[in-house]
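Asks: The structure follows.
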Amino acid sequence: MATKFPKFSQSLSSDPTTRRIWYGIATSHDFEAHDNVTEENLYQKIFASHFGHLAIIFLWTSGNLFHVAWQGNFEAWIANPLKVKPVAHAIWDPHFGQAALKAFSRGGVNYPVDISYSGVYHWWYTIGMRTSSDLYAGALFLLVLAALCMFAGRLHLQPKFKPSISWFKNNESRLNHHLSGLFGLSSLAWCGHLIHVAIPASRGQHIGWNNFLTTPPHPAGLKPFFTGNWSDYSLNPDDPSHIFGTSSNSGKAILTFLGGFHPQTQSLWLTDIAHHHLAIAVIFIIAGHMYRTNFGIGHNIKDILEAHKPPSGKMGLGHKGLFNTISNSLHFQLGLALACLGVLSSLTAQHLYSIPPYAFISRDFVTQAALYTHHQYIAGFLMVGAFAHGAIFFVRDYDPKQNKDNVLYRMLEHKEAIISHLSWVSLFLGFHTLGLYVHNDVVVAFGNPEKQILIEPIFAQWIQATSGKTLYGFNVLLASSSSSATQAAQSLWLPNWLEAINNNNNSLFLTIGPGDFLVHHAIALGLHTTTLILVKGALDARGSKLMPDKKDFGYSFPCDGPGRGGTCDISAWDAFYLGVFWMLNTIGWTTFYWHWKHITIWQGNASQFNESSTYLMGWFRDYLWLNSSPIINGYNPYGMNNLSVWAWMFLFAHLVWATGFMFLISWRGYWQELIESLVWAHERTPLANLITWKDKPVALSIVQARLVGLVHFSVGYVLTYAAFVIASTAGKFN
């Protein structure tokens, strides 16, 4: 019985070295590897932990609401959302001198504060909150939810309330409940909130618990619903001159299909958003009745998968065997979930700026930049995690006999073709894109900028034109005033779409040129190289010509000695490790592009991006160097300003990032010798040698040292850019 940490591993707890601590931390969440873990209690532990996770999320969001209500300026911001800076919370810092107290007292308050760049003010305002009391009530409600989740998590660890393994593997029932309940009913509930609370608030009618049941959201009530005259709910929408939050020029419609943006707030029409959620709810509630459970009707997922066979018979057994493979592999399921969530996060980044749903958020430029960057980085980490768990699936859970000749088996069989094609695409994109950039740098450097190779993205421009952008002169589909699609747009669907897409006050379809063409292909290079590394890591996780028995060594192993021809760097974990660097590279280029293009548009100086983005020195000089000046001057010999905290973070994050290289470049032997010298010195130093330890200090393994380096590199990289993007944008527009 293990008595020391880690209690989940007898062998580790009896290890006499510091390896016990570090390996204990590293494997604390690898439940499968713990002593005495059965499949059933593995599922039960993970299930119970979900409630803890939800409790943390509710506690965190409750904290946001509480601090804004207590120390923020929500009601003052509502009165003038374009001029007043939203306050996240107060700062109590003994380091602040008089200059700092003055510099950080902003947003109309007389004490130092942090400004909110998360967009929560815009969200709360849009969904109908109007007073600090509303925020306090929300904070209290979420605290109660957090407590309930903690209780539920504890409850489901008790023997009486632990679900059985068959419950976890009842795929049809789970899908039905998640589709109908999680997606369908929650979307319907949100639609209800928008109709009953948010839309009336946008028209000057504040809805609280005191008048919720006595204020009908539509004058006709439910009569149009029951009589089939549903179109009545779309009649009399808000006028384009409607002033948000007041009854001035407001309408009565609750479900519309207007398209475009509210002219004052430059955000989507709330009545369009409500209609969207109602449609989603209907689709998902129907979808949640598709799979066969109680009454023997509906689809059986196993039958569907078994029926998915290529008709010619020459391409294997299709999806045969996948039902059991996926049902019995948590890593496969987690990989799929992470991939879906990664795509959703990236889509969120894209949609929050191109079709902003929250009132006035498109005018808060720092928040727009922060939210885009935040969601793209989250997407990157989630996607890399998806591939990591895909590789773990191949090492731990994949059964060649069970998957004989199906799609998984055939994918592994022709992995060389997949890997070599990805390699070819990456090489093509890399050489051509870099070649164009470098050519342009050379001719600009030698005083011949007119000799740059500038390629217009005509295919992308044509796609924009088909959606209605008229700038490029393509007379096609919605860009043609005489096409049937354009005629339908005016009467049948989204009448405001064409106005919005050709309006320069939004980021719906930005004008693109040669600079966009080049950086698009640079990002494509990053995406394909990251994919190459991660796909190769997963497909080679079980074995390769160099090391056919790789799966027996596990997901991560450092090296297998020179006898194998050198097997360092070929574990599936090493692919994840290398993939993270390329992912950060790719997200870096993506966020640089988005940020530079937007700050030039917001400043009314789009030509700066257009002219400087076609060669590398333009990026280094006119984006990175030029925009870092407000951070470099955040504090200096002459004093400080309200960007000084970002200047300090910029410096500190660089330090964290640089520390990563110390672990990435020097490996185990160096650290072992250093530790031995430090132990020797410690044991011979008076007073210090009164402190002893039971565990013999040993250096980290190569894999662990790489992980420490990777974490420093990643955290430092992201925080450096966070400080840069916030300070450079706030310095211009705050």
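Every residue, even glycine, has its Cβ placed from backbone N, Cα and C.
Keep in mind it's a predicted model, so treat the numbers as computed, not measured.
Reproduced below are the annotations present in Swiss-Prot:
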type	residues	note
TRANSMEM	46-69	transmembrane segment
TRANSMEM	135-158	transmembrane segment
TRANSMEM	175-199	transmembrane segment
TRANSMEM	273-291	transmembrane segment
TRANSMEM	330-353	transmembrane segment
TRANSMEM	369-395	transmembrane segment
TRANSMEM	417-439	transmembrane segment
TRANSMEM	517-535	transmembrane segment
BINDING	CYS559, CYS568	[4Fe-4S] cluster binding site
TRANSMEM	575-596	transmembrane segment
TRANSMEM	643-665	transmembrane segment
BINDING	HIS654	chlorophyll a B1 binding site
BINDING	MET662, TYR670	chlorophyll a B3 binding site
BINDING	TRP671	phylloquinone binding site
TRANSMEM	707-727	transmembrane segment
Asks: Compare the Cα of MET662 (chlorophyll a B3 binding site) against each of the binding-site residues CYS559, CYS568, HIS654, TRP671 and report the nearest.
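Replies: For MET662 (chlorophyll a B3 binding site), the closest Cα among CYS559, CYS568, HIS654, TRP671 is found at TRP671.
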Asks: To which of the binding-site residues TYR670, TRP671 does the lowest count of other Cβ atoms within 10 Å belong?
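Replies: Checked TYR670, TRP671; of these binding-site residues, fewest Cβ neighbours within 10 Å: TYR670.
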Asks: For the transmembrane segment (369-395), name the stretch out of 46-69, 417-439, 517-535, 643-665 with the most CB-CB pairs under 8 Å.
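Replies: Highest pair count goes to 517-535.
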Asks: Grab the same-chain neighbours of the transmembrane segment (46-69) for me: Cβ-Cβ under 8 Å, and only residues 6 or more beyond its ends, written as numbers and ranges.
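Replies: Long-range Cβ neighbours of the transmembrane segment (46-69): 31, 86-89, 116, 118, 120-121, 132-133, 135-136, 138-140, 142-143, 145-147, 149-150, 152-154, 156-157, 163, 168, 330.
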Asks: Distance check, please: Cα of TYR670 (chlorophyll a B3 binding site) against Cα of the residue listed as 'chlorophyll a B1 binding site', rounded to an integer number of angstrom.
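Replies: Given the Cα positions, TYR670 (chlorophyll a B3 binding site) is 24 Å from the residue listed as 'chlorophyll a B1 binding site'.
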Asks: Cβ under 8 Å to the transmembrane segment (707-727), counting only same-chain residues 6 or more beyond its ends: which ones?
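Replies: 26, 117, 366, 369-370, 373, 377, 577, 580-581, 584, 588, 591, 595, 627-628, 630-631, 634, 643, 646-647, 649-650, 652-664, 700.
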Asks: Go through the chain and flag residues at least 6 beyond the ends of the transmembrane segment (517-535) whose CB is under 8 A from any CB in it; none is fine as an answer.
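Replies: Apart from its flanks, the transmembrane segment (517-535) reaches 384, 387-388, 391, 418-419, 422-423, 425-426, 429-430, 432-433, 436-437, 455-457, 460, 575-576, 578-579, 582-583, 585-586, 589-590, 592-593, 613-614.
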Asks: Cα of HIS654 (chlorophyll a B1 binding site) to Cα of CYS568 ([4Fe-4S] cluster binding site): how many Å, rounded?
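Replies: Computed Cα spacing between HIS654 (chlorophyll a B1 binding site) and CYS568 ([4Fe-4S] cluster binding site) is 29 Å.
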Asks: Counting only residues 6 or more past its boundaries, what in the same chain has a CB within less than 8 Å of a CB in the transmembrane segment (575-596)?
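Replies: Beyond its ends, the transmembrane segment (575-596) has Cβ neighbours at 353, 369, 372-373, 376-377, 379-381, 383-384, 387-388, 391, 516, 519, 522-523, 526-527, 529-530, 533-534, 536-538, 540-541, 609, 613, 619, 623-624, 627, 706-707, 710, 713-714, 717-718, 721, 725, 728-729.
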Asks: The transmembrane segment (175-199): which same-chain residues, six or more beyond its ends, come within Cβ distance under 8 Å?
Replies: 126-128, 207, 212, 217-218, 254-255, 270-271, 273-274, 277-278, 280-285, 287-291, 293, 301
